[in-house]
Amino acid sequence: MEFKLKHKDGMARVCEITTAHSTFLTPVFMPVGTVGAVKSLDANDMKNELDAKIILANTYHMYLRPTSKVVKDFGGLHGFTKFDRSFLTDSGGFQAFSLSKNSKHFNEGIEFKSHIDGSRHLFTPKSVLDTQYDFNSDIMMILDDLVALPATKERVKISVDRTILWAKEAITYHKNMQNKGIGIGQNIFGIIQGGTDYEERKRCALSLNEMPFDGLAIGGLSVGEENALMYETVQNLNPYLDENRPRYLMGVGTPEDLVENVERGVDMFDCVMPTRNARNGTFFTSFGKFNIKKAEFINDHEVIDSTCSCYTCRNFSRGYLNHLFKAKELTFFRLASLHNLHYYLELARKMREAILNNSFTQFKRNFYHLRGK
């Protein structure tokens, strides 16, 4: 992976990242394709309508079904999905933690029950990389020990100890595998844990900074803490992160979260929010969000957002979308998802432009002004 820090405006950054499959600028938002597809959309939509340069797939789900061996047989995620740009795959640790009622965390790894058939599985620092080697993802995430917030100081310390231990195992294993010709062209990111505890976050960041990861992620946020505490945690980490590596805030978030955390030096984001909200009838716009199911939209001839150039806004009225949603027409999911993802990707583009023009502060002011804040 090639990484170039191109420009800074305060702590906000524009960087260029090149993987084996695409080059993209940050800040970047990565649409989430949990089971190898962004819900209701295909590779053509992602490339031709949205021009997404990188998307995320989930190791937990793809490991269980169809299994990594099946994906490998199709030539990895790129051959399986026909999306020939970059893939980032998470380690599956979050889903093992959140979807399995009886998951157990040990120093060896995470034991969990499949949400599909109840079978038992063990994720270890090595096994999740083996799975991601089969996927041939461009960016692989290591296994980390996530804790729900609020958590006791003792549990947070255990989480950081374990995450550092697993990071050492993962980076050593990855280097050994590359020496054997496996994982060539695949990059590995470490994950910083520590809850909202300043000292534990700092300890984890300093430890992982010493390891030769291609990038560093901030995990374990947006899991129950107040937004202000999330922003403070990210800002406090900034001095301890290597400036010459990508910074990825996992699972975040709202448009406001993106703006606030770009201001605090974050480069990469992913979240299911744009597509999940789309399926529930909620649209993101330059003036805020609204739900299309309201009766006031039945005879509305306007498009979702007159400033938007997405496929949906170029072609369809609020009245038509209101009808599709109420009729439970599957077409609605695609049209709504296209709009919301276009909004997120365009928000990232506008932030890049503002940073390059040294006008991010003004951009943020206008962003909130349009929302009446």
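The backbone N, Cα and C atoms fix where each Cβ goes, glycine too.
Cross-referencing Gly118, Gly220, Gly224 against the substrate binding annotation in Swiss-Prot, which names Asp90, Ser91, Gly92, Gly93, Phe94, Asp144, Gln193, picks out Gly220. Binding of Zn(2+) is attributed by Swiss-Prot to Cys308, Cys310, Cys313, and within the candidate set His323, His339, His369 the record adds His339 to that site. Annotated range for region 'RNA binding' in Swiss-Prot, selecting from 65-69, 100-104, 275-279: 275-279.
Between the listed ranges 174-180, 251-257, Swiss-Prot ties the annotation region 'RNA binding' to 251-257.
Restricting the average to the region 'RNA binding' (275-279) gives a pLDDT of 98.
Taking only the Cα positions, the spacing between Cys310 (Zn(2+) binding site) and Asp90 (active site, proton acceptor) is 28 angstrom. Across the structure, Asp144 (substrate binding site) and Asp270 (active site, nucleophile) place their CA atoms 17 angstrom apart.
With every protein chain in view, the residue among the active-site residues Asp90, Asp270 whose Cβ has the most Cβ partners within 10 Å turns out to be Asp90. Fewest other C-beta atoms within 10 angstroms, among the binding-site residues Gly92, Gly220, are seen around Gly92. Secondary structure by DSSP for the region 'RNA binding' (275-279): 5 helix, 0 strand, 0 coil. In the three-state DSSP scheme, Asp270 (active site, nucleophile) falls into the strand class.
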